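Beneath this line is the structure, given in structure tokens, with notes to follow.
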Amino acid sequence: MNETHDPARHSWVPSANTPGHDFPIQNLPFAVFRRAGSAEAWRGGVAIGDEIVDLAAAAGLLDGLAAEAARAASGDSLNALMAKGQFSASALRLALSRALAGDSPTALSRCLVPQRDAEYHVPARIGDYTDFYTSVHHATRVGALFRPDAPLLPNYKWVPIGYHGRSSSIGVSGQQVRRPHGQTMAPGATAPVLAPSARLDYELELGVFIGAGNPLGEPVALDAAESHVFGLCLLNDWSARDVQGWEYQPLGPFLAKNFATTISPWIVTLEALEPFRLPWTRAEGDPQPLPYLDSAGHRQRAAIDIQVTAALQTAAMRGKGDAAAAVSRSSFRHAYWSVAQMVAHHTVNGCNLQPGDLLGTGTQSGPDESESGSLIELTRGGKQPVVLPGGESRTFLQDGDTVTFTAWCERDGARRIGFGRVEGTVLPAHPA
């Protein structure tokens with residue numbers, strides 16, 4: 001760790017010092033923004049309290065590697081900054097931390113834009129998107145719904161399972177998600193039908209943005225894997241469960257997933273997450289990872305304690321002014337596979353990752369059923385509705401429902417940092 005993690009450091013931006021704020025000076029996450037409703041160019045920014053440091057405006061006030069990094073983040077995506085690797089992003093983060101610290105505003109004050117006045121763009125040009133399946137608790141509970149006698153397939157504890165997703169339908173928080181059509185096969189039916197999904201679900205995930213890539217044909221070793229990661233965001237992997245149940249054999253989900261994925265605008269760097277590291281462990285009796293997925297250094301610090309929550313607001317709740325109701329909470333510390341293992345496995349065959357590529361962690365569910373990161377788990381496949389505070393209930397999402405994810409890290413001796421939020425609202429299906 002370094003001076004940017006000092007829990008006693010405070011900022012001349014007053015809101016950054018508010019207890020419990022997602023964006024204190026110890027965080028400094030990245031996004032791409034512009035003033036809402038304007039014709040301004042999209043450009044990179046860094047959150048500090050309720051403000052955004054406009055990196056295009058700030059670049060001329062910095063020097064050296066930090067200035068180069070700020071200029072790289074001044075375009076309509078963060079790809080150029082990501083490609084420079086962690087050292088450049090760290091230099092920029094350190095320079096901003098020093099310039100924002102203390103009691104007196106600096107020249108950087110004229111580079112601030114209130115977050116309430118901003119709108120956001122997907123923070124990177126995402127060339128490829130891979131979604132993993134890192135929660136053994138999610139995999140077991142969902143598997144039990146379809147295979148009660150063998151809920152977890154034999155390869156799960158050996159292989160970080162993933163599938164290739166669709167990058168073109170990834171949107172930023174606030175995305176309007178049209179209920180998808182797909183083939184479904186009703187129980188007892190002799191033929192499928194094309195219909196709007198009746199079992200639309202969310203999946204509470206984190207997204208991992210790749211920084212510096214690797215050349216085609218050159219695997220990334222486990223202990224070097226995190227040096228290829230720029231940071232993490234929130235991710236909602238919208239899922240049409242009835243479509244998925246019919247189509248996923250033998251090659252996995254397709255139309256059940258490719259219609260929408262929503263991410264938060266803010267990317268929290270791995271450096272900012274450093275105080276929240278934990279040892280990575282594998283339960284006694286479970287198979288230990290193959291050598292390319294295991295090392296002493298990895299076991300010492302590869303887990304990260306990130307609290308994640310899902311909340312639901314129906315159209316009726318919104319109409320009455322009722323806040324979204326929390327439906328589940330878990331932690332990334334429960335993940336069976338780590339960020340480093342995801343990267344190492346993805347590249348072990350020589351696959352090349354590129355700056356701005358996105359990896360999904362898969363649904364993050366904890367060991368208790370209340371920590372389930374999807375409705376299919378919480379409702380036991382739609383058999384046990386979730387009852388909301390106003391008396392409404394849900395087995396799966398209905399039109400007009402808004403799903404909100406939040407995430408944060410906290411521990412004694414460190415300043416709490418957060419990820420902001422990711423929201424998406426379900427729209428009715430297009431007419432057939």
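Cβ atoms are placed via backbone N, Cα and C, with glycine included.
Keep in mind that this is a model prediction, so the values were computed, not measured.
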Co-listed Ca(2+)-binding residue [TrEMBL; alongside Glu203, Glu205, Asp237] among Asp117, Asp128, Asp131, Asp322: Asp131
By Cα-Cα distance, the member of recorded positions Tyr133, His138, Tyr248, Lys257, Thr261 nearest Asp237 (Ca(2+) binding site): Thr261
Distance check against Lys257 (Mg(2+) binding site) for the recorded positions His138, Arg147, Gln244, Thr363, keeping those with Cα within 10 Å: Gln244
Distance [Cα-Cα, Å, rounded] between Asp131 (Ca(2+) binding site) and His138 (active site, proton acceptor): 14
Check: same-chain CB within 8 A of Ca(2+) site center, minus Asp131, Glu203, Glu205, Asp237: Leu204, Leu235, Asn236, Ser239, Thr261, Gly360, Thr361, Gly362, Thr363
Which of Tyr133, Tyr248, the listed binding-site residues, has fewest other Cβ atoms within 10 Å: Tyr248
Chain-mates of Asp237, Lys257, Thr261 with C-beta within 8 Å of site centroid, Mg(2+): Asp131, Gly165, Arg166, Glu203, Leu235, Asn236, Trp238, Ser239, Asn258, Ala260, Gly360
Per DSSP, three-state class assigned to His138 (active site, proton acceptor): helix
